[in-house]
Amino acid sequence: MSFAWAKPYEPKTDIGRWIDERLPLPRLVYGAIGGGYPVPRNLNYFWNFGVLSGLFLTIQIVTGIVLAMHYYSYADGAFTSVERIMRDVNAGWLIRYAHANGASFFFVAVYIHIFRGLYYGSYKAPRELVWMLGLVIYLLMMATAFLGYVLPWGQMSYWGAQVITGFFSAFPLVGEPIRVWLLGGYAPDQAALTRFFSLHYLLPFVIAGVVILHIWSLHIPGSNNPTGVDVKDEKDTLPFHPFYTAKDGWFVGAFLTVYAVFVFFMPNALGHADNYIPANPLATPAHIVPEWYFWPFYAILRAFTVDFILPAKLWGVLAMFGSILLLFFLPWLDRSPVRSGNYRPVFKRFYLLLVVDVLVLGWCGGAPRNRSTSASARLPPPTISRTS
Amino acid sequence: MVRIIAFFVGLGFAGVLLWSFVVNLYDNITEPPAPTAEHEFHREPKELHLASDGPFGKWDKAQLQRGFQVYKEVCAACHSLERVAFRDLAGLGYNEAEIKAIAKSYDVPSINPDTGEPATRKGIPADYFPKPYANETAGRAANNNAYPPDLSLITKAREGGAAYIYSLLTGYQNQPTELLKQFPDVKTPEGLHYNPYFANLNIAMPKPIVSDGQVTYGEGAPAATVDQMAKDVSAFLVWTAEPKLVNRHRAGMAVLIFLIMATVLGYMAYQNIWASAKRKVAPKGPLDPDNQAKREAAKAEAGGIAG
Ligand code: HEM
């Protein structure tokens, strides 16, 4: 169970007791989000982004299931089916814009959530598994978002799929066969689209499963707090309900308000105009850029331009994957006993440097590739790497 | 051992990165990227204000109808509008009879019911706008090997949207002499047309709206100048790209009002619920108004006893 002083569930009604004896579901809910989960009193608003991430997973699943009712995963009909959703399905435009912008807001929430964990040392003992499960969720989210972006089968969908699956061909010998196997062909086509749809439908439910593990493992030690000092006794805590439900409640309203501004008044601001052009394998767009949440990684990929022992592209791919894999080892790499960045002046400086670095990388990754951005990588265009 | 390996791996990445940076920097300094005509002479779209802009934007249906007329009489010769059905024209304010009449004025592809041969029939409201060319090859053959793109989504498919379309339509001009002076070998090729708003400056589409009065507008409409027709057709193409745009604005306002009210109420509930908890969290220090008031009260009480 959670903290030693966590209150056990006591059914108040006969029916409650009857159910609890047979299926302790009410007990589970009480322990997870009810009065049975004591939370430190001093959490700041950065602690709201976990609940927000969960909310956006739910929004994505609900809107996604409705989209899937009207979407066809045929290479020559997918684009049209998405346009039918926009034009002919009742409130279809709302469902689609909610889903497309929902993905972005999901990443906003998760990025803030991750950086919160980094700053306050939430990855340290005893929460290592909470942290690692969180990273698994993040990796799954990136896969899901990439797969989803391919589904409308516009120009960016197609060429994004081309470039991203091209990462695999950076690995010598096995790379190219793996790429062909993943795509079901030499270039994205019908086979790729159908399997991408299948996996895009599946992965969010895998994410939901990992989220349950993530929260389960959190509820053993309980939440960290801005001081990073363990809670001493019950007086330092408040039951999740009603205190944190109320604090999360209004903040959810505020966050959804910003989301609604995007969905209703600037729904294409975060997207790319080229994705309103149907996929055309014969016309390469002038600038192939992924969605904004991948920009920092795209910049890492493009920053390596010289061959040294390994080909430049492989350096880029390894650095990109490495930048995330490294985070899995963080609990053991950082051996300071102090958790919170508030009390670690040197750490605090490096943390700020990291934030600035990620923003700069994001800016470089989104900028069109040219020789003046230092990140300009001479990655062979996908068509060349395919034939070589 | 592990530490040593880790150190060298890290060094490898940092080294290759630094080397890449230096090589790029060196290239940039020794042979700076040559200026290109596209870079120097391409222009950002002009400003265009439409009734449908902004969070309160609504359709100007008279303008949309004029834009439709321009599409029908000018652009439709080369460009399809394949995602729009005649029934959708209700959104422009046409009634059922008018839509039937418009649909009937088009011949749509069909099959001869007796012989099974390809044939055409009169359109009905459920039909989509027929395409001017049977296929892409035919379209290219008729247009100097450039395919006129479908216009249904064009305002969403181009950076700059309606303003870009408007600028493109009114941006045809002779190739500037400075351009030729600076870049003598980029003379606009035969069959292409100079247009500084087009990405590579030379577009295969001949200037479509050439003279005032090219389309005859009905009673009470503004004068059919080139500029006005370009604006009208751009407004129409905003509608074809998203016929539900105004519904979206309207729904958005209602949702925002609801969410803002819910947030305010939620915030008040939060304040209320935490009122009891907050005070226990941390003593707020001697300058806290609550504490000051208590101190004053205590002093007054003590004073009262002493006095
Ligand atoms: C982790 C949660 C999810 C994320 C991050 C996500 C992300 C995305 C993204 C970025 C797109 C492209 C949007 C566009 O530009 O059109 C998309 C499309 C799509 N998604 Fe998801 N999605 C998620 C969950 C789901 C679920 C659970 C389903 C269905 C069961 C689903 C079904 C679809 C369908 C049918 C499309 C294509 C329609 C469209 O393009 O609008 N998604 N998704």
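Each Cβ is built from the backbone N, Cα and C atoms, and glycine gets one as well.
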Listed co-binder of heme c (same site as B:Cys75, B:Cys78, B:His79, source TrEMBL) among B:Met1, B:Met205: B:Met205
B:44-67, B:284-307 - the range that TrEMBL marks as region 'Disordered': B:284-307
Positions on the same chain near the transmembrane segment (B:251-270), where near means CB under 8 A and six or more residues out: 55-56
B:Cys75 (heme c binding site) - helix vs strand vs coil (DSSP): helix
Beyond the site residues B:Cys75, B:Cys78, B:His79, B:Met205: chain residues whose C-beta lies within 8 Å of the centroid, for heme c: B:Val74, B:Ala76, B:Ala77, B:Pro148, B:Leu151, B:Pro208
Listed in sequence order, residues with CB under 8 A of B:Cys75 (heme c binding site) and six or more positions away: B:Leu151, B:Pro208, B:Val233
Among B:Cys78, B:His79, B:Met205, the most crowded of the binding-site residues [Cβ within 10 Å]: B:His79
Local backbone state of B:Met205 (heme c binding site), from DSSP in three classes: coil
Mean of pLDDT values spanning the domain 'Cytochrome c' (B:62-169): 96
Where the record names B:Cys75, B:Cys78, B:His79, B:Met205 as binding heme c, the maximum Cα to Cα distance in Å: 11
